[in-house]
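Marked as active site, proton acceptor by Swiss-Prot: 193. What Swiss-Prot lists as ATP binding site is 75, 76, 77, 78, 79, 80, 81, 82, 83, 98. Look at Swiss-Prot and you will find 382, 384, 386, 388, 393 tagged as Ca(2+) 1 binding site. Annotation comment: Swiss-Prot describes 418, 420, 422, 424, 429 as Ca(2+) 2 binding site, evidence class sequence analysis. Marked as Ca(2+) 3 binding site by Swiss-Prot: 454, 456, 458, 460, 465. Annotated Ca(2+) 4 binding site per Swiss-Prot: 489, 491, 493, 495, 500, in sequence order, evidence recorded as sequence analysis. Positions annotated as domain 'Protein kinase' by Swiss-Prot: 69-327. The feature domain 'EF-hand 2' is assigned by Swiss-Prot to 405-440, with sequence analysis given as support. Annotation comment: Swiss-Prot describes 332-362 as region 'Autoinhibitory domain'.
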C-alpha cells in the first residue's frame, strides 16, 4: 500500500453540475528496483504505436533523445514509464532519464500534469535539496526527462543500512525534509506527494545531501485557491485532502508522518485497506503509548503532534518546524533508538512488496462471483477477442460504459495494470488492478494467494517459489526477493509458512487490539 498514490479531479456531468470522483488508489510513477542487467526497451520507430493526439505535449519539435544521450540500465519502473541511467554523449556525464509513454497519457489532464512537472522542476532549478532537471525531450512515443542522478539510494534504505539510529539523527533527517518543504513553499510550489521513497541521497558518501524528487503530483500555489484534487499516497495524505479542501499545509502533514515513522518504524494511521487508512486519518488519533514512545523525548512528541494537527490553520509551518527546540535547540538526544524501530521499518518496506505480489496472484484464483461484472466488462472491451486490451480499447470502453467505469478508474488501470510494459493489459492484469473492490485482505483470499505461491503444496513458500512468482509478475530482482524472504521468515528456516505470510499481509495495515505494534 505504501507504493500507491491517487489523483482525482472534480469533473462536470452531462447536466453541467459537478460530481465527485471516488478515491481509488493508483500506482505511483517509479516503483521497485530492477536488476542492473536489464536494458532499456525504447519503442522502435518501425513499430506503429497509436497516440491519441498527434500534437506535441511539450509544444516543441520532436527530438530523438538518443542523439544526445546513450541510455543504460533500468533504474526503476512505474505506471507511466521507466527510469534509466543515461550518459550524455558530448560530455560523458551520467544522469537519470525518466521516459513517460505518451500512450499512457489517456487524457488532456495527464498531459497537463507532465508539462506541470517539467515546469516545476525548471522553476526550482538550482535549489540544493531538489533533484536538478537537465532537459526534456519528446518523440512520437515518449516524453523524456533528463535529470540529476542520485546514486545514494532512498532515505529508508540508507537508515536501515547504517544499522543504528538516534533522535538526533532523526532530527537531522526531518530538518532536511522540511528545508525542502520550505523551499517549495517559498517558491510557490506544493509537492503533494512527500514520502520516504521520494527522498534520495545525492551519492553514497556519508555526508551526501538528501534531495526531493518526483514532482508528478505537484502544483503551483495560486493565491486564494482551494485545492480539491485528491492526491498523494495513502499513509501520508492529510485529512483535508480527503475532504477535498486544502492548501500547502498538506506537505507539513506528510513530513510529520515521515517523522513518526522515523521514530517508531510504522505509520501513525493504518487499517485493513486504503479506504480504512483514510478513515483512521480522518479520526486523527495519534498513538504515543506503545513502544518505543515512552522512551522518546517529550520534545520529539511535541513536534510530531504539531505537525499532525488536524486543523491545517493550527498546524505548524515549515519555518516553525525549523525553529522548534527539537530541531534547532539541540533537544534531540543522541541516545540510540531501540533497534526494533529499524526492524519495523524494514518490515514495513518489505510488506509493501509482498502485498503487491499477493494482489497479482490472487487475481488468478478469484471466483466468478467475486469478480462480478469485471469479466463481462473486459470481454466487452476486448473487441477483437485477442485476450488483451489496448489503451484505446480501454478508452472506448469508458465512453460506452460510462456508468460502469469512471475516467479515474481507467487512469488507475492504465498506470497500475501493464506489468510487463508491452502496451496492453491482459485479463489477470485487469482483474488485479481492480481488486481493491473485493476486500482481498480477508483470510480466505490471503490463503488462496499463499496456495498459489506454494507450488509444491508442502505448506511453505520457498525462496525459489517466491523468486519464480516475483519474476513472473515483473516484480523481482535478487535484492527484492532476498529482502522479502529475510523479513517475512520470522523463524529463520529459509521458508515462509502461512502464519508468516498472513502476518506480513496484515503488517502495518491492521489496527491491533492489544498494545503491540504489527511489527515486533
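If you go along the chain as it appears here, the first residue is 1 and each next one adds 1.
Cβ atoms here come from the backbone N, Cα and C positions, even for glycine.
Cβ neighbour counts within 10 Å, taken over all protein chains shown, single out 193 as the most crowded of the recorded positions 193, 456, 465, 489, 500. When Cβ atoms from all protein chains are considered, those within 10 Å of residue 384 (Ca(2+) 1 binding site) total 9, not counting its own.
For residue 83 (ATP binding site), the number of other Cβ atoms no farther than 10 Å from its own Cβ, over all displayed protein chains, is 25. In the three-state DSSP scheme, residue 386 (Ca(2+) 1 binding site) is classed as coil.
Cβ environment of residue 388 (Ca(2+) 1 binding site): 382, 424, 425, 426, 427 lie under 8 Å away, each six or more residues apart in the same chain.
There are 11 other Cβ atoms within 10 Å of the Cβ belonging to residue 386 (Ca(2+) 1 binding site). When the binding-site residues 81, 83, 460 are screened for a Cα within 10 A of the Cα of residue 495 (Ca(2+) 4 binding site), the ones that qualify are 460.
Cβ neighbour count for residue 495 (Ca(2+) 4 binding site): 19 (other Cβ atoms within 10 Å of its Cβ, all protein chains included). Every protein chain considered, the tally of other Cβ atoms within 10 Å of the Cβ of residue 458 (Ca(2+) 3 binding site) stands at 10.
Those same-chain residues not listed among 382, 384, 386, 388, 393 yet with C-beta within 8 angstroms of the centroid of the Ca(2+) 1 site C-beta atoms are 381, 383, 385, 387, 389, 390, 424.
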